[in-house]
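What TrEMBL says about this protein:
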BINDING   Glu166, Glu204, His207, Glu290  Fe cation 1 binding site
BINDING   Glu204, Glu257, Glu290, His293  Fe cation 2 binding site
Amino acid sequence: MALASPGSGICATAVPRPARDRSSCMNCLTLAHSSRAFGSLRTTPIRLWVSSRRLRLRGTVMTAAIPVDVGNGVKEATLYVPQELHTQVTHSMPPEKIELFKSLEDWAEENVLPYLKSVEKCWQPQDYLPEPSSEGFLDEVKELRQRAAELPDDYLVCLVGDMITEEALPTYQTMLNTLDGVRDVTGASLTSWARWTRAWTAEENRHGDLLNKYLYLTGRVDMRVIEKTIQYLIGSGMDPQTENSPYLGFIYTSFQERATFVSHGNTARQAKEFGDFKLAQICGIIAADERRHENAYTKIVEKLFELDPDDTILALEDMMRKKISMPAHLMYDGNDRNIFDKFSLVAQRTGVYTAKDYADILEHLVKRWNVEKLSGLSSRGQQAQDYVCKLANRIRKLEERASRVKKGPKTASFSWIFNREVALQ
Ligand SMILES: [Fe+2]
Ligand SMILES: [Fe+2]
C-alpha cells in the first residue's frame, strides 16, 4: 500500500524536535504535497531551489536529476535520482540507549537466533523449479508454462511487484545496518544482532531468487524491463524514516514481515484459485518464512516494551504517524514514475495487499504487544497508547470513505507485462 507520509516530528525519545534539528543537504529539491494516501495517484509538485541551507519540511520531498553533458551536446541524467525522500533524520536515539541493545546480546542469542533455520533444513529455490540437469526438464518447463498461461495479467503485476520488492534485498540489509547498537560493524561481526541480520538476509535471498526464476520460465512477463526495475530500485534505496533507531527499525520490520506474510499468503491463495498449485506452494512457503521472521522481530519489540515501555510506545506512535512506507516505494522502471502507485492500486483491487490489511496488521501488532494493557506510562506515553489503539479503526473508516469516492484513471498499462492494460479500480 502506498501511503504518503505526513513527516512526524516525534523521535523515539518522544521529544518533538524543532525545525533546525533536521537538515537536508540536497541542492535541488522539489516539494510535493502528496495526496497519495490509500492509492490516489495525484501529486502536486512545487519547485524550490535551496542552496546549502537547512530545511525542515512537513511532507514528502522530491529530488530532481541534474542533467550531465555526455558529449556532442547530449545531456543525460546519468544517475537516476529517486523521486520521493523524506527529510533525513539521523541518530535520534540517545547514545545511552545503545547500551541497552548491547546488554541484550545474550538475550538475542537465546531468544531471537532460534527463529532462524539451519541452511541444511531450509528449502532452496531449486526444490520448487524444474531440474535443469534432468531429461524431463523441457517437459517440466512446458507444464509450468501451461499452468502459468491461466494467470490473469493483474495477478502477474502483483507477483512481479512482490518479486521486485524481494529482489531489492541489498537495501534491506543496508537498512538493518543503519541501526545504532545492533549493526554489523565489520561485515562478519560475531554479535548476535549481526549474525541475525546476515542469516535473515540469507534466508530472504531465496524469496526473490525463486520468484524471479519462476516468472522467467512462465514467458508471460518482460524480464528485461523487470531486471531494469530491480536495478533502479536497488540504486535508489529506501526511506523508512527509522532514524538509525532500533526502536523504530524493529517496529518497521515487524510490520513489514507481517505485510509480506499477508501478501504472499494472498498470492498463494489466488494461485490456487487460478489452478497453478505449484505457484501456490511457492508463495505459501515464502509466506511461512515471513511469518517466522515476523515472530522474531515482534519478539524483540515485545522485549523493548518490557524493558522500556514509554520509549517503545512513543516509537510505535512515531512510526504509525509517519505511516509505514513499503520497502519498494522508490520503484521505477526507467519510464513510469507512477509504477509503484499503480502496482499498489492493482494489489488493492485484487486483494493481494489492501488498506484493510494495513489496519489489520496494526491491530494484530497492538494485540501482540498487549499495548492496551500497558501500565505505568508517562502522560505522553498514555497519549501515544491512546492514539495507537484507536488508529486501526480510524484507518478503516477513512478507507471506507475513500473507497466510495473513486478518482483517477481506471486502467493503466504495465511495462512488466509488455504494456498490456490492467484495471486499477
Ligand atoms: Fe521475503
Ligand atoms: Fe521477510
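Each Cβ is built from the backbone N, Cα and C atoms, and glycine gets one as well.
Bear in mind that TrEMBL entries carry predicted annotations, made automatically and left uncurated.
Everything TrEMBL records as a feature, shown here on the structure.
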residue	record	Cβ neighbours (10 Å)
Glu166	Fe cation 1 binding site	24
Glu204	Fe cation 1 binding site	20
His207	Fe cation 1 binding site	25
Glu257	Fe cation 2 binding site	23
Glu290	Fe cation 1 binding site	22
His293	Fe cation 2 binding site	22
Glu166 (Fe cation 1 binding site) and Glu257 (Fe cation 2 binding site), distance between Cα atoms, whole Å: 11
Three-class DSSP secondary structure - His293 (Fe cation 2 binding site): helix
Extra residues within 8 Å (Cβ to Cβ centroid of Glu204, Glu257, Glu290, His293), Fe cation 2: Trp200, Glu203, Gln256, Thr260, Phe261, Asp289, Arg291, Arg292, Glu294
Of Glu166, Glu204, His207, Glu257, His293, binding-site residues neighbouring ligand 1, Cβ under 6 A: Glu166, Glu204, His207
Integer Cα-Cα distance in angstrom, His207 (Fe cation 1 binding site) to His293 (Fe cation 2 binding site): 13
Other same-chain residues whose Cβ falls within 8 Å of the Cβ centroid of Glu166, Glu204, His207, Glu290, the recorded Fe cation 1 site, in sequence order: Leu169, Glu203, Arg206, Gly208, Thr260, His264, Ile286, Asp289
Binding-site residues near ligand 2 among Glu166, His207, Glu290 (Cβ under 6 Å): Glu290
Inter-residue C-alpha distance, Glu204 (Fe cation 1 binding site) and His293 (Fe cation 2 binding site) (nearest angstrom): 9
